[in-house]
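Going by TrEMBL, these are the annotated features:
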DOMAIN    65-205  domain 'Potassium channel inwardly rectifying transmembrane'
TRANSMEM  100-123  transmembrane segment
TRANSMEM  176-200  transmembrane segment
DOMAIN    212-376  domain 'Inward rectifier potassium channel C-terminal'
DOMAIN    458-598  domain 'Potassium channel inwardly rectifying transmembrane'
TRANSMEM  493-516  transmembrane segment
TRANSMEM  569-593  transmembrane segment
DOMAIN    605-768  domain 'Inward rectifier potassium channel C-terminal'
REGION    769-790  region 'Disordered'
COMPBIAS  779-790  compositional bias 'Basic and acidic residues'
Amino acid sequence: MPKSDKIELKTGKEKSCASSLECVHINPKGVDSSSMGSTVSVSTANYGTLTDCSDIRRRKQDRAVSKEGICNFVPTNVERQGRKFMTDIFTTLLEVRWRWTLFIFCIVYFGSWTIFALIWYLILYIHGDIDNYGNANWQPCITGIQNFTSAFLFSVETQHTTGYGFYHLTELCPSAVILFCIQSIVGVILEGLMVGLVFVKMSRAKKRSETIMFSKNAVINMRDGILCFMFRVADMRKTHLLEAHVRAQFVKKRVTNEGEVIAYHQEEIDVGGDGEKDDKILLFWPTTVIHKITDSSPLRDITAADLHSYNNLFEIIVVLEGIVESTGLTLQARSSYLPSEILWGQRFENLTSCKTSSGLRAIDYALFHETYPAVMTFDENTQEKKKFKSVRKDNMEPKKKVEILSDDTNLKCVYINPIALEIEDSPKENKVNRPRKRRSTLAEIKSTIYQKNLGRAVSKEGTCNFVPTHVEKQGIKYMTDIFTTLLEVKWRWTLFAFCCVYFGSWLFFSLNWYAILYYHGDTVNFGNTNWEPCITGIQNFTSAFLFSVETQQTTGYGYYHLTEQCPPATIIFCIQSIAGCILEGWMVGLVFVKMSRAKKRSATIMFSKNAVISMRDGIKCFMFRVADMRTNHLLQVHVRAQLVRRRITMEGEVIDYHPEELEVGGDGEWKSNILMFWPTIVLHKITNSSPLRDITAADLNLYNNSFEIIVVLEGIVEATGSMVQARSSYLPSEILWGHRFENLTSCKARSGYTAIDYLLFHNTFSSPAVTPPDENDNSQEKMKHESETR
């Protein structure tokens, strides 16, 4: 293949690039050989030079994804769009608004009632029931029907099994019996369709995303000497997402070397939770998602000035996906950040947490979006990225000691330069009036921070000890996803909500019934034998309320029944029948999901009360035990563990709950996927790369519960197919040094099964053979004494 020649696309206006720019491909074989090696010019009035296409890059980019996660695109000119949407009518009804779904419900129900009413009327007309109505010697097919209105009411009563008792079928017409069976089957099919549709529409995971929060702004600052792009994400509900993972994409307009304009060019950004190795995160508390801006990052050339000069030329789309624990459905929450929404040299405010009266940690969401400035280490206005790299890497000098007042707790650290850290006063305190006392080194600061007890993040039972406070529009967000809210609350509140909804609907329709009867005169003329009422037997509001309950719940005792005298009453009867079906579908689905929630399945997952650190095949290991007590074991089980502690970065930023991933696996299975056929010991090898590499026996007492190891087991419930997550945690005081787990004595039961003695599940015993060597203490006797004392 000969080498392509240089191509110039010329236009009548120099240094311009039209929006309708098109590029042509010149085949070198089609060019005269005499022109090879020279510049080939293609003149046209519609082309612009490729070098001038920077105008395209500078053109403002429309937002692809809104802050609320809505994709700002709409399909147009789709061939046979309506037919394709109607082919999947179920999904279409799920996606449209409720008013259109209810409108289609009404059309379908009224259509079916009318069609069957016409057939009933035709059968009765042919049989002669209409002409002989009132003839005492006539034996009709259906008693009480005198016109089409009566046939319509009978059709509705038949399809919805209301059965007031005034109209009833006789055995004189075989065709009527066949039609009765057909309409009963059609009614069951339509009701099943509506119940399923209402249930799925109410339990859609899309509404669950209303309680997923992204920070309004992203920030770019230094984190441990590396420039990072960061944003915050949080889950406000107590039942957190399972298998949560986050993604980010850098989207901008790009022009290829051939002149092709790609309006939305996507580049993946590697992101992960703070301290986590991959994109999987645990949303037990608000998490800062970090992208390290390295040489391979799409943001490698971004500077502070660029965030203003780019004029929204690019967009960073962030996506969080996970499984809703309540329903097992997959959720996707989205947001995006324009350059004007990325703050240079800012840090997120620490979410102040304090213990409530119940012992839980309160997270102040009023500070969720707040940031404060942190001085950067280089010239923010420089356009030369290489200059920045030399400052950050080549000119890095050893850090000096940091001095602060040891008794001052209202301080925050900011990163000034790569040479030293400096402490900035809290805005609430004057530096001049502050008492001068002994100063502490950075090592002492870290020691104080690490030794401070933060409180347990996850209880032994797996409950997250956090409660959101000061959440903006929290009630509205919870009511938007009312289905998930009713799933999460206790049964007494769910039943109370059921009663309120049902009594409210009965009361509402009874008011309508009573108003119709009052204006028609039924209540005044009750007992008048010459009066033809709308509804027989109703004399006051109590009677109207009883009739409302019988109609909506299709009880139909037979004493109250509707006549054909009042068209408004017929319309209300139809509307209440549809409303009853919708409420029944909603309640049935809610009770089913609440009863089959995978969260209850986690109660049969056991974690050992204590973890141990001991030798296993010559390697020091952290170990705990887990078991599934049911015979129908979980599928696709995988386990995770995180070391959580307070940490201070190189720049002085304090992170209250900093997670570090521990690589764990089953006993003999050095992977996170395990089989739960019998109780399994999960191991973490304490190597040089392990966060536990410096832990000793004395540290487990010295640290005063300054860290916590959270263990998470996730799997699929075989019976329901839902995802379950079981959790527990271990404080330093619950980690036994030099111990091993008791062997679960098993013996053959009479049935031939191997019995596992769960009385020994939590038991451990100390053994010098498995006690790890203590590098900081040469006294083996002292270490043995501490182990036995524990």
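Glycine too: its Cβ is placed from the backbone N, Cα and C atoms.
Keep in mind that this is a model prediction, so the values were computed, not measured.
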Contacting positions for the transmembrane segment (100-123) when only residues 6+ beyond its ends and CB under 8 Å are counted: 93, 130, 141-142, 145, 148, 151-152, 154-156, 158-159, 173, 175-176, 179, 183, 186-187, 190, 194, 197, 201, 574, 577-578, 582
Stretch with greatest number of CB pairs under 8 Å, the domain 'Inward rectifier potassium channel C-terminal' (212-376) reference, 65-205, 458-598, 605-768 candidates: 605-768
Cβ-Cβ under 8 Å with the transmembrane segment (493-516): same-chain residues at least 6 beyond its ends: 486, 523, 534-535, 538, 541, 544-545, 547-549, 551-552, 566, 568-569, 572, 576, 579-580, 583, 587, 590, 594
